[in-house]
Amino acid sequence: MSAARTVLVLNCGSSSLKYAVVEPDSGRQLADGIVERIGAGPIADHEAALRAAFDELSEAGLDLDSLGLVAVGHRVVHGGPDLYRPTVVDDGLIATLETLAPLAPLHNPPAIVGIRVARKVLPDLPHVAVFDTAYFHDLPAAAAHYAIPRDVASQWHIRRYGFHGTSHQYVSEQAAVFLGVPLESLNQIVLHLGNGASASAIVGGRPQDTSMGMTPMEGLVMGTRSGDLDPGVIMYLNRTAGMSMADIETMLNRRSGVLGLGGEIDFRQLHRLIEAGDADAQLAYEVYIHRLRKYIGSYLALLGNTDVITFTAGVGENDAAVRRDALSGLAPLGIELDEHLNDSPARSPRRISFETSPTTVLVIPTDEELAIARACAGVVDS
Ligand code: ADP
């Protein structure tokens with residue numbers, strides 16, 4: 001059995017529990033898995049899901065008692081206005097998280113359930129909450145504010161919080177490591193393109209803007225979310241089409257984006273449909289790329305000089321066509337993708353621009369579990 005210390009990382013959704021066992025010091029991931037369909041069949045609730053995860057671990061020869069666990073790290077989507085450092089969970093923190101539930105009604109409640117259950121099952125370990133919004137806490141005021149009346153915004157804690165922060169931070173730090181230069185020296189754009197998708201502009205390790213806002217619905221076109229939308233559409237659907245706010249929310253979160261336009265969520269399948277001549281799939285892809293290029297362009301303007309553009313997450317790491325179409329024709333702006341490098345699949349961090357390209361383009365696999373485990377280890381050490 002390994003003698004190195006480990007962290008159990010948990011990411012609870014309403015009907016799923018993702019887990020990973022990670023050595024924060026070596027970066028090695030010993031195991032990971034997902035328990036799905038919580039509430040249906042034999043997995044009655046999140047506690048049953050966590051116990052099922054432990055069963056899977058022991059079947060894999062990983063016994064909880066000999067794993068060397070030093071902490072449990074919980075991914076929490078929304079930290080609200082005040083929570084941004086990795087924080088040891090106590091009853092007070094749970095109470096604070098509960099007051100934040102209205103800000104992230106789809107995401108925070110299941111995380112709270114997960115924290116409660118894990119504390120009950122593993123009472124002797126420190127539990128640490130790591131917030132998806134944390135990295136963007138200090139966005140410049142110009143990027144953090146919506147142009148709505150200030151009294152309304154401050155009374156209701158409305159600001160642009162940003163999400164996927166753990167990934168944007170990890171990937172931008174890895175980009176500096178890969179290039180062998182100090183993080184402080186780089187102007188970066190990070191494109192996190194998974195089912196959820198977000199972009200960020202980062203100067204010297206400090207984020208200057210990001211595409212998600214008060215909720216993870218703003219910004220890029222995503223697997224099932226619309227991204228940017230004229231708020232007038234929501235009023236119109238409510239007032240004129242008679243849709244309830246709950247129905248509109250569900251539509252914009254679960255039935256929109258690439259799925260809503262093209263009938264498919266997975267980009268591999270979307271490409272197959274496009275090849276077969278499916279016009280809806282083609283449109284979905286074009287809208288997705290158009291929005292992505294708008295954000296890239298706006299961040300190029302924000303940064304002035306961009307050293308690195310990095311693609312990450314499921315689509316960003318695997319879909320060469322998306323990367324090509326996102327950056328095609330930008331040689332006049334100093335972005336020269338090497339088609340050959342871009343088309344070569346690989347699992348590790350890599351450069352996909354020509355060596356002579358003024359802006360370096362990278363693909364770097366994200367590892368939110370490792371980043372959360374390291375954040376937990378940092379809390380345990382301090
Ligand atoms: P999540 O936001 O759920 O963490 P991921 O980052 O795992 O999402 O991304 C999942 C998405 O990545 C899939 O829906 C699919 O569209 C895309 N994807 C995964 N593998 C490939 C691939 N080989 N080629 C193109 N797209 C891929």
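Positions of Cβ are set from backbone N, Cα and C atoms, glycine also.
Any TrEMBL annotation is an automated prediction that lacks curation.
Taken verbatim from TrEMBL:
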ACT_SITE  D132  active site, proton donor/acceptor
BINDING   N11, E368  Mg(2+) binding site
BINDING   K18, H192, L193, G194, N195, G196, D266, F267, R268, G314, V315, G316, E317, N318  ATP binding site
BINDING   R75  substrate binding site
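Considering only the binding-site residues K18, R75, R268, the Cβ with the fewest other Cβ atoms within 10 Å is that of R268.
Take K18, H192, L193, G194, N195, G196, D266, F267, R268, G314, V315, G316, E317, N318, the residues named in the record as contacts for ATP: the widest Cα to Cα gap among them comes to 23 Å. On the backbone, the CA of the residue listed as 'substrate binding site' and the CA of N11 (Mg(2+) binding site) stand 5 Å apart. In the shown protein chains, 23 other C-beta atoms lie within 10 A of the C-beta of E368 (Mg(2+) binding site). Proximity of the binding-site residues (K18, D266, V315) to ligand 1: a Cβ under 6 Å from the molecule is found for D266, V315. Annotation note: N11 (Mg(2+) binding site) sits in a strand segment as assigned by DSSP. Counting other C-beta atoms within 10 Å of each candidate's C-beta, the recorded positions D132, E317 are led by D132. On its own chain, L193 (ATP binding site) has L220, L292, F311, T312, A313, G314, V315, G316, D319, V322 as residues at least 6 apart in sequence with a Cβ closer than 8 Å to its own Cβ.
Inclusion criterion for the binding-site residues K18, D266, E317: a C-alpha placed within 10 angstroms of the C-alpha of N11 (Mg(2+) binding site); this criterion is met by K18. The candidate set comprises the binding-site residues N11, N195. Of these, N11 has the most other Cβ atoms within 10 Å. Comparing C-alpha positions, D132 (active site, proton donor/acceptor) sits nearest to E368 among the binding-site residues N195, D266, R268, E317, E368.
D266 (ATP binding site) falls outside any helix or strand according to DSSP and counts as coil. Each residue contributes its Cα atom, and for N195 (ATP binding site) and E368 (Mg(2+) binding site) these two points are 15 Å apart.
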